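I have placed the structure first, in the form of structure tokens, so that the comments after it can refer back to it.
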Amino acid sequence: MNSSDEEDIALSRLAKKSSSITSASTYEDDEDDDIPLAKKSRKKRVESDYEEDEDEVPLKKLSNGRAKKQVKTETKVKKEPKSANKSKSTSKKDTKVKKEKTTVKKESKATSTKVKEESKTQSDSQASVKSETPEEDQGYKWWEVNQEEEGDGYIKWQTLEHNGVMFPPPYEPLPSHVKLYYNNKPVNLPPEAEEVAGFYGAMLETDHAKNPVFQKNFFNDFLEVLKECGGCGVEIKKFEKLDFSKMYAHFEKLREEKKAMSREEKKRIKEEKEKEEEPYRTCYLNGRKELVGNFRIEPPGLFRGRGAHPKTGKLKRRVVSEQVTLNLGKDAKIPEPPAGHQWGEIRHDNEVTWLAMWKENISDSLKYVRFANNSSVKGQSDFKKFETARKLRDHVDSIRKDYTKMLKSEKMQDRQMATAMYLIDVFALRAGGEKGEDEADTVGCCSLRYEHVTLKPPNKVIFDLLGKDSIRFYQEVEVDKQVFKNLRIFKKSPKQPGDDLFDRINPSLVNRQLQNYMKGLTAKVFRTYNASKTMQDQIDIIENEGTVAEKVAKFNAANRTVAILCNHQRTVSKTHGDSVQRINDKLKKFMWQKIRLKKMILQLEPKLKKKDSKYFEEIDDLIKEDIEHIHHTIIKRQREQAKKKLERDNEKLKLEGKPLLTESDIKDKLDKIDELEKEYQKELKTGKPIVTKNATVEKLKQQIETLENRILNVSIQLKDKEDNSEVSLGTSKMNYIDPRLIVMFSKKFDVPIEKLFTKTLREKFIWAIESADENWRF
């Protein structure tokens, strides 16, 4: 299922840009002569007939309270007939795949490899998709197959078979004693309304539930559901009189019971869940097993939204099979719908790559079940996306030259187009689009309004708007002086707050202009190009020296530059402070251990303090209170570990039907901990740790060296955590930076790929890991 992280607005300034995008014009106080001849009073405009690229069009209504932006167009783009592309598609055989020319190849090694034989076929009469492990078909390495022969037409597959979607379990009514109270009296709710009330009751103490907008939207939808199911015998009029405390207490009890489950119980539940999900996890594409992405229908609940979303708190209604459209091969067996239900529609559309689809009620948009991120379909899509971005390097200079010249065009539409292209290129803005009144007011380039931009002569611009996830974006940047003049013109009277700055263009026209230079070029491709090019430039200036931890920190700094460019912000997590404190505590513990070892050395060789005073100058750095706290933490942790081991052992004994252990059985262990505590207390008084029998100065110095390396690594980790607390590195790494750059860094700098890619990303970008080498260039 698609999850969109494409709604953020990137306005962060690129550190430095090529001089080719800077105009030589100078700022003038009087700019009336600079206004394009085409600029007149605002007239009614006609909408563009140009259709946006499929990936760029949001599945949301574009209308809002203001009049829809209408744009002058001079020509229309003809849509290529399907037949033209269909002829390019190739029929795939399920017998043997010939030895093909490698397309995603290592730049320095011109090698070709054989593709494993595909001998797996699927019977048309098969009752359901087989549930073997997907590893069976992971021998298929699409990146070693000539992509041109694979075809890039309309036909996406020849055969497709799957088991449909997994629905959430039906609602289980609350125990009879758990009630919603209204005006201090219990209310008997119908099951449908009780379920909705329970959604709010379960999150009573969260920040969302305390949000007035959330409360209002929930209450309106709750009353609507109550009305649909015949009411409850009580007239509920005011939200303030509702008491969810009994419901909240019930759900808290369930949460505590879940936490208290034994490891065996949790394991059993997990295994049952995996067994239930197994049939839906895989499908067969052209006879080859592929993993399915999110095969679950979203459960009903209250919509939270990100940032200041106007629909937060609204009810996400339960989806039934009658609302679901399945897409599969004509000869594939249609999965059985839930008992008593039927599918909304069955399609056999091999020009799309989704498996199921339905419409959700919050934004009235379509939701899809698609192939998993590590599937061949998604992998090829990612590869083509980054290859398209790479091709932009052959056109970017001419594009910049043209839009720089067009910044002074006599036509207002051209001048707006050039200014938008400048902002998209230099500051990685999204093209943007109009938002409805009931959508979060996030902004892109074409949807910038009068109030979002403040001008400070001679060439500074302040952007102040809602960016990704409705997080406020505020930044002051320097722009080309001609761009500054143009923005000043775009803001001139009669424009006022609420009016669009770019009232002669829209995202469709911007993408159309870009596609004049290169097939498939859009604002999104430009954004991907700039992100990857910036990462390449940052890697080029990193020195190949230091420890792995130091190299990872340098990599993260480069990644952070890209994230800032793309405005991938995030709010500081609630646990950030605790996490930083834990790292600081770990640093203090290592420091204490190092000082303790140095004190042992001085007990063995007291004269060393004078001979190497610098080496021992830190032995008094920790105050008594810090040392006491470290002692307490160590003892407490050891006791907790002993008790947890006792619990684990008892769980095992219980399953085997053997007598359980008691604390008396671990008395020796607890006694040793008590002895250690006494030793620490004595050490705190005397300042002299007990030296072990076999200790030597050389051995102690080796231990100190090990600790110093740990201290260095943890210090780097702490700085990295602080630097990235408000920046999301993962978004650019997953969507905008060519993964082959990261693989190149891993191999060139001898950093394990596990340090740079999570397990999920390693699976998603296996094609990059196996195809790029240390010399790869974007």
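Note: Cβ is positioned from N, Cα and C throughout, glycine not excepted.
Looking at 286-291, 310-315, 346-351, 430-435, the stretch flagged in Swiss-Prot as region 'Interaction with DNA' turns out to be 430-435. Note on proximity: among LYS385, LYS586, TYR736, the recorded positions of the record, the Cα nearest HIS568 (site 'Interaction with DNA') is that of TYR736. Closest in space to TYR736 (active site, O-(3'-phospho-DNA)-tyrosine intermediate), of the recorded sites given as LYS385, ASN511, LYS586, is LYS385, taking the CA atom of each residue.
For LYS385 (site 'Interaction with DNA'), the nearest neighbour among the recorded sites TRP354, ASN511, LYS586, judged by Cα separation, is ASN511.
The shortest Cα-Cα distance from ASN511 (site 'Interaction with DNA') to any of the recorded sites (ARG306, TRP354, LYS586) is found for TRP354. When the recorded positions TRP354, TYR736 are compared by the number of other C-beta atoms lying within 10 angstroms of their own C-beta, TRP354 comes out lowest. ASN511 (site 'Interaction with DNA') falls within a helix when secondary structure is assigned with DSSP. In the three-state DSSP reading, LYS586 (site 'Interaction with DNA') counts as helix. Cα spacing between ARG306 (site 'Interaction with DNA') and LYS586 (site 'Interaction with DNA'): 34 Å, rounded to the nearest whole number.
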